[in-house]
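J.: To start, I am sharing the structure in question, which I have written as structure tokens.
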Amino acid sequence: MTIAIGKSSEEPKGIFDTMDDWLRRDRFVFVGWSGLLLFPCAYFSLGGWLTGTTFVTSWYTHGLASSYLEGCNFLTAAVSTPANSMAHSLLLLWGPEAQGDFTRWCQLGGLWTFIALHGAFALIGFMLRQFELARSVQLRPYNAIAFSGPISVFVSVFLIYPLGQSGWFFAPSFGVAAIFRFILFFQGFHNWTLNPFHMMGVAGVLGAALLCAIHGATVENTLFEDGDGANTFRAFNPTQSEETYSMVTANRFWSQIFGIAFSNKRWLHFFMLFVPVTGLWMSAIGVVGLALNLRAYDFVSQEIRASEDPEFETFYTKNILLNEGIRAWMAAQDQPHENLVFPEEVLPRGNAL
């Protein structure tokens with residue numbers, strides 16, 4: 001038996017290679033280079049939200065109770081946006097507003113900017129994670145591309161929209177009821193439901209739900225019965241080489257139902273990707289438009305006729321009056337610092353009243 005003693009021919013690894021080996025090692029929870037962005041940002045944003053909804057009041061920013069400590073529940077608690085007077089300040093803890101005082105920072109709404117910015121980078125980190133893993137296992141990057149839809153909506157609603165307005169104050173607060181209030185605000189001040197980009201977004205999301213239901217049902221309906229298991233989940237070997245369901249039978253079924261059907265699996269699944277992602281992108285584009293105060297559809301001729309003819313009213317003119325009511329009530333309540341007072345005679349009345 002011969003033993004060779006000598007120097008290894010392998011060169012010592014540099015710091016980058018050492019980090020790369022550790023970060024991309026196969027483990028239960030993959031870390032990766034993207035994890036350096038994802039995990040800290042996700043931890044801080046989620047931790048900030050849990051802290052804010054548990055302990056922090058919105059009395060100084062909105063005149064509201066918004067924490068569990070004040071008696072709110074899961075649906076009514078929120079981390080509210082900074083006060084309108086803070087404009088677009090990043091509200092850094094060490095900045096001129098809070099001056100290192102954590103309590104003051106929370107009172108001014110610093111947790112909102114903390115959560116929004118860390119949340120945005122966490123979402124971007126999650127998309128990069130999908131890119132990184134796809135590259136590692138030699139997949140195409142469509143998962144990451146699809147996730148750009150939710151990212152675009154988050155960034156447009158929580159960051160770009162308030163940047164186009166007078167301050168972070170007009171962004172949504174992080175809470176269930178707070179988001180509902182923001183939706184009413186969007187309708188009243190921007191007539192959002194009549195915006196074509198919102199219509200495309202609704203068509204994309206609901207259309208995707210329909211496609212998902214149809215696709216799942218069709219696959220279940222056309223499974224090959226070649227297994228001996230008791231149910232769908234046990235009848236097939238996960239490493240089987242043959243097709244699990246009959247595309248030919250599915251095509252024949254839907255051809256009879258609609259007169260047209262997908263005959264290509266690749267086109268079918270690309271379409272299921274395309275519909276929701278495009279819908280989300282269109283919604284995000286629409287919100288960017290609202291940041292610039294672009295108008296939705298206006299049917300002024302109907303409004304003029306409704307104002308002149310007491311017997312003429314359409315669903316559109318009724319909605320316009322409803323929007324005026326939302327603005328009249330919401331502006332005074334949401335912006336008490338403006339001291340808005342609307343006399344009774346200027347509040348909107350429909351022709352029916």
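Every residue, even glycine, has its Cβ placed from backbone N, Cα and C.
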J.: So which range, 125-141, 312-328, 329-345, gets flagged transmembrane segment in Swiss-Prot?
T.: 125-141
J.: Check each of the ranges 27-40, 153-166, 265-278 against Swiss-Prot and return the one annotated as transmembrane segment.
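T.: In Swiss-Prot, residues 153-166 carry the label transmembrane segment.
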J.: Are the transmembrane segment (125-141) and the transmembrane segment (279-295) near each other by the rule of at least 3 C-beta pairs under 8 angstroms (pairs 6 or more apart)?
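T.: Per Cβ check, the transmembrane segment (279-295) does not touch the transmembrane segment (125-141).
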J.: Using the alpha carbons only, what distance in Å do you get between H198 (chlorophyll a PD2 binding site) and H118 (chlorophyll a ChlzD2 binding site) once rounded?
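T.: The Cα atom of H198 (chlorophyll a PD2 binding site) is 27 Å away from the Cα atom of H118 (chlorophyll a ChlzD2 binding site).
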J.: Going along the chain, which residues six or more apart from H118 (chlorophyll a ChlzD2 binding site) have their CB under 8 A from its CB?
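T.: The list for H118 (chlorophyll a ChlzD2 binding site) reads C41, A42, F44, S45, G48, given in order along the sequence.
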